[in-house]
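Input: a single structure, listed below in structure tokens.
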Amino acid sequence: MAESSGSPHRLLYKQVGSPPWKETFRQGCLERMRNSRHKLLNRYRQAAGSTLGTASDRLLVQEVMEEEWNSLQSVENCPEALLQLELPLNLAVLQDIEQELWNEEKSIISEYEKGLQFDESCLNSMLAEWEANPLICPVCIKYNLRIMNSVVTCPCGLHIPSHSTDLTEQKLRACLEGNVNEHSAHCPHIPEFSVTGGTEEKPSLLMSCLACDTWAVIL
């Protein structure tokens with residue numbers, strides 16, 4: 001079906017900009033793509049890391065370009081000279097910008113994938129450290145934990161009375177490793193550990209992950 005002459009997509013290809021207009025449009029599109037990082041990565045995760053080039057990827061690039069075009073056409077942002085332009089658009093103008101947006105998208109996803117690989121490497125190192133050495137404090141990841149009279153302590157200041165009277169280093173190690181492995185089964189990011197609780201309640205050891213918005217009480 002023929003596209004309406006007044007549609008945003010046709011408008012995008014109808015009017016032309018001089019080189020200064022092209023640069024303004026290019027910079028605006030790149031900024032929008034960078035600000036759409038969260039949206040892009042959500043789509044990438046939902047596609048389970050499929051190869052770039054799908055219809056949804058192309059839709060995001062087009063969406064970014066049309067949003068920036070509409071922004072430039074607004075009364076506040078659009079130069080008067082641009083509003084008066086009626087020359088046919090040189091398609092190479094948009095093709096160049098579209099390719100640059102594709103490159104930016106690939107760069108964002110490449111950076112994300114490298115981060116996942118780094119997180120996986122750190123997670124494996126942390127688990128190996130727990131298995132090979134005295135139990136490392138998951139909060140400071142520097143000193144060894146000590147368990148005495150059912151109280152877990154660390155030189156970093158961690159001090160947590162346990163509800164279990166028979167808590168041992170082996171049991172705490174198994175609990176930590178079990179929770180970390182359970183989390184890594186559905187999220188590639190490294191969880192963080194912290195101590196919660198104030199003066200009127202017993203402190204607890206909490207494992208949380210901002211990436212998948214989950215948490216668990218370890219101790």
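For all residues, glycine too, the Cβ spot is worked out from N, Cα and C.
Taking Swiss-Prot as the reference, the stretch among 28-44, 96-112, 164-180 described by the feature region 'Mediates nuclear export' is residues 164-180. Under DSSP, the residues of the zinc finger (137-212) split into helix, strand and coil as follows: 16 helix, 21 strand, 39 coil.
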